[in-house]
Amino acid sequence: MGIVTDPQHQQEHKAAAEKSSPEEKKRWTLNDFDVGKPLGRGKFGHVYVAREKRSQHVVALKVLFKSQLKQSQVEHQLRREVEIQSHLRHPNILRLYGYFYDQVRAFTFR
């Protein structure tokens, strides 16, 4: 699992996703969320409060700009963050529910 920033890895990610179970195949997009007010911002992007439209769950939506990640050579750190946080279960750590990306941005939501 990882955030995909280059075309070769996008194809590998797509192939891996096709082998997943139906529940894991959910392809999130920004249209799945009602994005609200900003909660904070950092060097690579912003965090917003958002509501997932179907379930009405409120989440923190982190929006990161791929160009800044690439320029700072930290794409691997984002991939690692997703890998680690998607498996963490602790009452004091927000659970990573999912991620998705478009041409310009990468999104994670907790």
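Each Cβ is built from the backbone N, Cα and C atoms, and glycine gets one as well.
Unlike curated records, TrEMBL annotations are generated automatically.
Here's what TrEMBL has on this protein:
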BINDING   Lys43, Lys62  ATP binding site
COMPBIAS  9-27  compositional bias 'Basic and acidic residues'
DOMAIN    33-110  domain 'Protein kinase'
REGION    1-27  region 'Disordered'
The average per-residue pLDDT within the domain 'Protein kinase' (33-110) comes out at 95
For Lys43 (ATP binding site), the three-state DSSP class is coil
For the binding-site residues listed (Lys43, Lys62), most other Cβ atoms within 10 Å of the Cβ sits at Lys62
